[in-house]
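Undergrad: The active site, proton donor/acceptor annotation in Swiss-Prot covers GLU215. Positions annotated as Zn(2+) binding site by Swiss-Prot: HIS140, ASP147, HIS218. Look at Swiss-Prot and you will find ARG84 tagged as site 'Transition state stabilizer', backed by sequence analysis.
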Amino acid sequence: MSFDTPLKPYLAIPIQDCGEPLAPINLEGVKSLKPHPYAQVGADYQGRSPYVLRTGVLKRLDQARLTLADIEPSWEILVFDAYRPIAVQQFMVDHTFAEIVARDGLQGQVLTPEQKENIYHQVYQIWAVPNNNPLTPPPHSTGAALDITLLDDLGQPVDMGGEIDELSARSLPNYYQTVEPNSDRQRKEFEQYQRRRELLNTIMESAGFLRHPGEWWHFSQGDQLWAWQYNQRHPDHQKIAYYGRVE
């Protein structure tokens, strides 16, 4: 990291880890990507599986899966990413930085401080800072956060109107409520994207998860981000995080 990044407000939430272990995501109606997309671009998990969660989080994911089955019986949950070691977090920050440099036609060796700061600002819109401080862990390094989407009755990813990890305004959960369509056809598409995102949020919230304010695909339960969001909704019933960094 080449400039001072202000700590996100949720990182001030205290952590009292409950000690639950990680367990494999092995649930009926829940699929995962193989090979893992980050491993495909070179991330080294050192033999560890990214498809693990804290046991309590795993139980809640199963609850969400059952809720989806009630609403869309032939659909399934697709887990894009779950547990992410700090080293992988750092790799993906560096990888995304390099992607932006290439996309914008810049020369990585001669970037000005202002250019670097602008690029890191974009990177940290999506990626948490790969911090080794146990008081401020990245959400995915706690085993309590996961990135997901939906699969249709043919086992194909449902079009959500944007890709996971996309660096654009389309990643905002309610993006399609804020843009004006230019045709009736586009209006129907936008409404469909929004309904699908709301369905994903509905099944996850029904199981106690809360969605990242800036990412339609990211949900967590019991980590600092979750506690911070919960406290915003319930100012008279404050919670702390009970999942911290896990190795």
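Please read every residue number as a count from 1 along the shown chain.
For all residues, glycine too, the Cβ spot is worked out from N, Cα and C.
How buried are the listed features, and what sits near them?
TA: Secondary structure at GLU215 (active site, proton donor/acceptor), taken from DSSP and collapsed to helix, strand or coil, is coil. In sequence order, ILE126, ASP147, SER171, PRO173 are the residues of the chain that are 6 or more apart from GLU215 (active site, proton donor/acceptor) and have a CB within less than 8 Å of its CB.
Annotation for HIS218 (Zn(2+) binding site): same-chain Cβ neighbours under 8 Å, separated by at least 6 residues, are PRO139, ALA145, LEU146, ASP147, ARG211, HIS212.
Secondary structure at ARG84 (site 'Transition state stabilizer'), taken from DSSP and collapsed to helix, strand or coil, is coil. In sequence order, TYR38, PRO50, MET92, PRO138, HIS140, SER141 make up the list of same-chain residues 6 or more apart from ARG84 (site 'Transition state stabilizer') whose Cβ falls under 8 Å from its Cβ.
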Undergrad: Taking the Cβ of ASP147 (Zn(2+) binding site) as centre, how many other Cβ atoms lie within 10 Å?
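TA: A 10 Å sphere around the Cβ of ASP147 (Zn(2+) binding site) contains 20 other Cβ atoms.
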